[in-house]
Amino acid sequence: MQPGVLAACLLLSWTHCWSLPLLNSNEDDDLSEEDFQFAESYLRSYYHPLNPAGILKKNAAGSMVDRLREMQSFFGLEVTGKLDDNTLAIMKQPRCGVPDVGEYNVFPRTLKWSQTNLTYRIVNYTPDLTHSEVEKAFKKAFKVWSDVTPLNFTRIHNGTADIMISFGTKEHGDFYPFDGPSGLLAHAFPPGPNYGGDAHFDDDETWTSSSKGYNLFLVAAHEFGHSLGLDHSKDPGALMFPIYTYTGKSHFMLPDDDVQGIQSLYGPGDEDPNPKHPKTPDKCDPSLSLDAITSLRGETMIFKDRFFWRLHPQQVDAELFLTKSFWPELPNRIDAAYEHPARDLIFIFRGKKFWAPNGYDILEGYPQKLSELGFPREVKKISAAVHFEDTGKTLFFSGNQVWSYDDTNHTMDQDYPRLIEEEFPGIGGKVDAVYEKNGYIYFFNGPIQFEYSIWSKRIVRVMPTNSLLWC
């Protein structure tokens, strides 16, 4: 039996070893006994401690707290060793069934295929899609990996393939039972004989070729990464990140983290059709520029490319998320954002459209057009926006101009637009992002931010953009 399969079986055999509550919570979080049971089951499934021989380290409460700390670190959360609302929310997101630690990295050798010509076979189909749609999704998913490596994938219709693909429910014959709708979506085994390379999909899910339900192509591309020998990635922008996020209808490009991982196993291919693979931003990059900033219920949301950093007022370390993991309906990248606290809304802009999220939910009737706010046709996008609660005014920045909007009358103020350089001397002719706090406006222009005093109407400090993220 393949060592990875043996480790998986040993892992599962200890799944129900503990019954006592082994975790503590933050006092401010109202968590139920069911929440603790769910969290402990999650940690046993995805953060089960194995030694190199594949044997469980039974250390009861201490071990479980260690697993929780490891899980919090893996997902970029504040590492407390205590169960809290943010940690539980991550645990409850739909995800891959392969453990985040242990199974792939307990063996001293690298798990990879010795040959570059691999076969796959579709054993059965989901009733959610036509046979043609399923076949197209799997073919496209394999192409994600063959585009950047020397690997070739050929479908066979009979016999045993290197990668056997099947749909099943609950206990389906491999000691890794599925759990019904949501939760665990699919799993795959590392390269090798027997189960090695095989990918299984939970047929209690609703599989689609769109944003509804779970997109089969995206889940399959992730699982086939495991079939080729990849672990889960800590990079929230990576395809191999364990949590499912629908990333949009546009042309899929394999992120750089995944390219580096798969090429470390198999090397590069002859010709990459997408030589520029998206990278996850580094918050401490000295040349960091931002797309948008807004507050949201006391937190600060800092947008860059497909991502945003979520900065809690009591924490130094910002958490990084894909924008679509919070708001699947939004574009991958945004231009501007601001909060309207009195309405408990944020407004998010991209091109000539804007959306109004209330928490995770976007209000009905959105997106709307910029013209609804009174912008003329020649305004193609908003580059930054900031709302002032005491005056009911919102400033919009577009190109080298600034506009003032009256939220009470729902009209643009007269004598606007004005030139940014004349209205706020010294900050330059454009604004990438802006926010207001304690009587100061913070303007971001490339790698520089300007602290501007509303009272004295002058710049009082100039700082690097990345200092906002404690760099």
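All positions are counted from 1 along the displayed chain.
Note that Cβ sites are derived from N, Cα and C of the backbone, with glycine treated the same way.
Here is what Swiss-Prot records for this protein:
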- His172, Asp174, His187, His200: Zn(2+) 1 binding site (BINDING)
- 176-246: region 'Interaction with TIMP2' (REGION)
- Asp179, Gly180, Ser182, Leu184, Asp202, Glu205: Ca(2+) 3 binding site (BINDING)
- 281-330: repeat 'Hemopexin 1' (REPEAT)
- Ile293, Ala337, Ala385, Val434: Ca(2+) 5 binding site (BINDING)
- 331-377: repeat 'Hemopexin 2' (REPEAT)
- 379-427: repeat 'Hemopexin 3' (REPEAT)
- 428-471: repeat 'Hemopexin 4' (REPEAT)
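Feature annotations (Swiss-Prot) mapped to structure.
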residue: Asp174; record: Zn(2+) 1 binding site; DSSP (3 states): coil
residue: Asp179; record: Ca(2+) 3 binding site; DSSP (3 states): coil
residue: His187; record: Zn(2+) 1 binding site; DSSP (3 states): strand
residue: His200; record: Zn(2+) 1 binding site; DSSP (3 states): strand
residue: Glu205; record: Ca(2+) 3 binding site; DSSP (3 states): coil
residue: Ala337; record: Ca(2+) 5 binding site; DSSP (3 states): strand
residue: Val434; record: Ca(2+) 5 binding site; DSSP (3 states): strand
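Candidate binding-site residues: Asp174, Asp179, Asp202, Glu205. Fewest other C-beta atoms within 10 angstroms, Asp179.
Contacts of Ala385 (Ca(2+) 5 binding site) defined by a Cβ separation under 8 A and a same-chain sequence distance of 6+ are given as Ala336, Ala337, Tyr338, Phe347, Phe349, Thr394, Leu395, Phe396, Phe397, Val434, in order along the sequence. Taking the mean position of the Cβ atoms of Ile293, Ala337, Ala385, Val434 as the Ca(2+) 5 site, the remaining same-chain residues with a Cβ inside 8 Å of that point are Ala292, Thr294, Ala336, Tyr338, Ala384, Val386, Ala433, Tyr435. Per DSSP, the repeat 'Hemopexin 4' (428-471) is made up of 5 helix, 24 strand, 15 coil.
Cβ neighbour count for Val434 (Ca(2+) 5 binding site) (all protein chains, 10 Å cutoff from its Cβ): 29. For Gly180 (Ca(2+) 3 binding site), applying a Cβ distance below 8 Å and a minimum sequence separation of six or more within one chain yields Thr169, Lys170, Asp202, Asp204. If you take the C-beta of Ser182 (Ca(2+) 3 binding site) and look for same-chain residues 6 or more apart in sequence within under 8 angstroms, you find Pro94, Glu205. The Cβ neighbour count for His187 (Zn(2+) 1 binding site), using a 10 Å radius over every protein chain in view, is 20. It is His172, among the binding-site residues His172, His200, whose Cβ has the fewest other Cβ atoms within 10 Å in the structure shown. Sequence-distant neighbours of Leu184 (Ca(2+) 3 binding site) (same chain, 6+ residues apart, CB-CB distance under 8 A): Pro94, Arg95, Cys96, Gly97, Phe178, Asp202.
Residues Gly97, Ser166, Gly168, Gly173, Tyr176, Pro177, Phe178, Asp198 surround the recorded Zn(2+) 1 site, their Cβ atoms falling within 8 Å of the Cβ centroid of His172, Asp174, His187, His200, which are themselves excluded. Counting Cβ atoms from all protein chains shown, Ile293 (Ca(2+) 5 binding site) has 28 others lying within 10 Å of its own Cβ. Recorded residues Asp179 (Ca(2+) 3 binding site) and His172 (Zn(2+) 1 binding site) have their alpha carbons 11 Å apart, per Cα-Cα distance. When the binding-site residues His172, Asp174, His187, His200 are ranked by how far their Cα is from the Cα of Ile293 (Ca(2+) 5 binding site), His187 comes first. Excluding Asp179, Gly180, Ser182, Leu184, Asp202, Glu205, which define the Ca(2+) 3 site, the same chain contributes Pro94, Phe178, Pro181, Gly183, Leu185, Asp204 within 8 Å (Cβ to the Cβ centroid), listed in sequence order.
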